[in-house]
């Protein structure tokens, strides 16, 4: 199952995924990335609340059967969500195995690592957070039970590909798709404890306050460092932060020891050579939010210019 149309899957399409890895790996090396590492983000492939994206129009699965509250998109469109189907207890091991198989396929395709997406209202988040999880079986109730699915997925993937190839993304403070928790600090520390025991390579955590990116409306993002510091101190591996950072804020986070790495999303989407632009302190392309999550293979994805292309164009004018 998919959470959006035209979403890339890695259950059987290994030849296409191999081609993607072959294409992307030299780019990482050319831009002097931290390592020639191409991370396959393991999005929750079965969390969609849009039944039209599911095989034969079947209901999307979840920890619950509660329907997501209608939401207004950035363009003013009201999104109605299909009622999900609550997973039966006996079905859950098969879902855990889906994550394991996808991770194995990623490594066989040539990727160096896998990131499990346990954030932003996807399936793992739906199990962990008490605003959604209303189960009465071994996967619901107290925090240990609510984290059981996450623990099983992380353990299975680590056992399949090695914890040294594995990262986990968490958003304890976020409220996506009605997913929020009454005690996010305790929840995140619980998962981090599991990750420490397994020796997971990195923890990728989203800031509690998603800031407006620089260049979107002329404002400069201001990030109140500190909310993620307890998790940074608790996690024994590499700690990565994300959420509205620009170059200066990212440098500060690393220099202050607040994080080991800073992840960029929207800025990277609009600037395919973002590391080089940061290195030169060059200007950035402005991203176009209206093209986010579209199915067009070019517009909004591969049509943003490289810095050298822009300089060459200016030189010929």
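Note that Cβ sites are derived from N, Cα and C of the backbone, with glycine treated the same way.
Per Swiss-Prot, the features are as follows:
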{"type": "BINDING", "residues": "26, 27, 28, 169, 244, 265, 266", "note": "FMN binding site"}
{"type": "BINDING", "residues": "117, 118, 119, 120, 209", "note": "substrate binding site"}
{"type": "ACT_SITE", "residues": "122", "note": "active site, proton donor"}
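Positions of Swiss-Prot features highlighted on the structure.
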{"residue": "117", "record": "substrate binding site", "Cβ neighbours (10 Å)": "23"}
{"residue": "118", "record": "substrate binding site", "Cβ neighbours (10 Å)": "26"}
{"residue": "119", "record": "substrate binding site", "Cβ neighbours (10 Å)": "22"}
{"residue": "120", "record": "substrate binding site", "Cβ neighbours (10 Å)": "19"}
{"residue": "122", "record": "active site, proton donor", "Cβ neighbours (10 Å)": "24"}
{"residue": "169", "record": "FMN binding site", "Cβ neighbours (10 Å)": "24"}
{"residue": "244", "record": "FMN binding site", "Cβ neighbours (10 Å)": "21"}
{"residue": "265", "record": "FMN binding site", "Cβ neighbours (10 Å)": "15"}
{"residue": "266", "record": "FMN binding site", "Cβ neighbours (10 Å)": "16"}
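A 10 Å radius around the C-alpha of residue 117 (substrate binding site) takes in none of the binding-site residues listed as 244, 265, 266. Comparing Cα positions, residue 120 (substrate binding site) lies closest to 169 out of the binding-site residues 169, 265, 266. The recorded positions shown are 118, 119, 122; of these, the one with its CA atom nearest the CA of residue 266 (FMN binding site) is 119. Closest to residue 265 (FMN binding site) in space, going by CA atoms and restricting to the recorded positions 118, 119, 122, is 119.
According to its DSSP assignment, residue 169 (FMN binding site) is in a strand. Considering only the recorded positions 118, 119, 122, the residues lying within 10 A of residue 169 (FMN binding site) on a C-alpha to C-alpha basis are 118, 119.
Of all the recorded positions listed here (118, 119, 122), 119 has the Cα closest to the Cα of residue 244 (FMN binding site). Taken residue by residue with DSSP, residue 119 (substrate binding site) is part of neither helix nor strand, so it is coil.
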